[in-house]
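Each remark here refers to the structure printed beneath this line.
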Amino acid sequence: MSATPAGRPDRVAVLCGVGGHLPRHRVGNDELAARLDTDDAWIRTRTGIRFRHLAAPHEATSDLAVAAGRRALANSGTARADAVVVATTTPDRSCPATAPLVAARLGLSGAAAFDIGAVCTGFVYALAAGAGLITSGVADRVLVIGADVYSRIVDPADRQNAVVFGDGAGAVVLRAGHADEPGALGSFDLGSDGDHEDMITVAAGGSRLPADPSRTSHTERHFAMRGKEVYRHALIRMTASARTVLDRSGLTVDDVDRFVPHQANLRILRTVATDLGLPADRCATHVERAGNTGAASIPLALTDDHANRLLRPGHQVLLTAFGGGLTWGSCLLTWPELPPAAAPAHHEQESSP
Ligand code: UT7
């Protein structure tokens with residue numbers, strides 16, 4: 001692969017479309033308080049969340065992914081993609097991957113299609129994989145989707161997690177372009193620490209412990225998170241990863257126009273922004289209206305910020321994520337000129353790309 005004198009590849013991935021989808025059913029804190037030992041004040045104070053959207057019983061991850069993908073392709077101006085990457089922790093089935101089905105339903109049969117499993121960091125990993133497909137010349141246009149239906153794996157009676165997680169999907173389209181174009185993806189930082197694999201887990205259902213109801217407990221078959229410890233790790237890892245990617249790019253926080261972190265918890269976002277030295281009004285806060293949507297949270301926040309004109313062409317945008325694994329990752333990009341996009345919760349009649 002050829003490179004510019006500065007060592008940067010002369011063929012880079014450029015973001016050229018964005019779209020998101022939230023299921024119709026919006027659940028407020030009071031609705032949860034009516035069936036769980038919780039209340040609006042606790043949820044707002046500890047998480048900042050006011051609403052989350054939950055998938056209907058017939059809706060699976062691919063349904064949300066297709067809706068978000070279709071919007072991102074429409075926003076990019078063409079329905080074509082050579083590859084589809086879906087980041088998810090809640091695939092439609094444990095086999096096969098969800099991405100080939102999503103590709104087929106979007107009229108992209110024949111495209112390379114695979115899933116990425118990096119829990120709430122999944123979208124940043126998928127973005128890196130999509131960018132790699134482009135810089136290596138394997139693909140010219142890649143649809144990168146983050147989609148999760150956490151309500152399928154969270155125990156609805158688990159008050160800690162039922163109030164935090166929501167369902168949704170977000171997507172971006174990448175195309176081949178040049179490093180000096182608006183939309184160009186810059187440096188990445190990706191990392192993991194598997195010594196803490198049990199901090200965020202669904203213990204049963206894999207090859208280690210099949211989900212046989214007679215040999216596993218109810219708890220083992222549901223999503224579990226050691227919230228307080230995860231919170232502490234999230235602050236450390238997100239701040240460090242954001243600093244690493246800034247250093248790698250020769251930029252400082254003063255160059256960052258918009259910070260779009262994984263929407264885990266408003267307190268985490270605000271603390272990381274403060275620790276980095278970023279003013280609160282530069283930080284995306286979509287979590288208030290969608291909860292923690294896992295791999296979908298960053299592309300949903302990007303779509304929402306774009307719809308609300310908080311992202312403007314030329315803005316330097318910093319993405320930072322953290323999640324189970326443990327995993328973390330960051331990416332820098334400049335925001336491109338894009339057609340207006342519908343906010344993720346806007347449910348107009350869907351049309352084919
Ligand atoms: O997306 C991947 C990364 N995820 C994250 O980064 C999430 C990180 N963690 C968190 O966001 C927070 O830890 C939670 C929102 C999950 C929990 O908030 P917290 O402030 O850490 O609460 P806590 O676990 O320290 O619990 C405080 C108290 C406990 O009661 P006691 O022991 O003090 O009597 C909990 O039992 O709050 C109780 N509690 C609740 N009370 C009312 C836990 N959940 C609830 C609830 N409503 N829903």
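Positions of Cβ are set from backbone N, Cα and C atoms, glycine also.
Feature annotations, reproduced from TrEMBL:
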type	residues	note
DOMAIN	114-194	domain 'Beta-ketoacyl-[acyl-carrier-protein] synthase III N-terminal'
ACT_SITE	Cys120	active site
DOMAIN	246-335	domain 'Beta-ketoacyl-[acyl-carrier-protein] synthase III C-terminal'
ACT_SITE	His262	active site
REGION	263-267	region 'ACP-binding'
ACT_SITE	Asn292	active site
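Using a Cβ-Cβ cut-off under 8 Å and counting only residues 6 or more beyond its ends in the same chain, the region 'ACP-binding' (263-267) has close neighbours at 46-49, 120, 164, 231, 234, 284-288, 290-293, 297-298, 300-301, 322.
Counting residues per DSSP class in helix, strand and coil order gives 39 helix, 22 strand, 29 coil for the domain 'Beta-ketoacyl-[acyl-carrier-protein] synthase III C-terminal' (246-335). For His262 (active site), the same-chain residues lying six or more positions away in sequence with a CB closer than 8 A to its CB are Cys120, Thr121, Phe123, Met238, Asn292, Ser297, Ile298, Thr320, Ala321, Phe322, Gly323. When the active-site residues Cys120, Asn292 are scored by other C-beta atoms within 10 Å, Cys120 scores highest. In the three-state DSSP assignment, the secondary structure recorded for Cys120 (active site) is helix.
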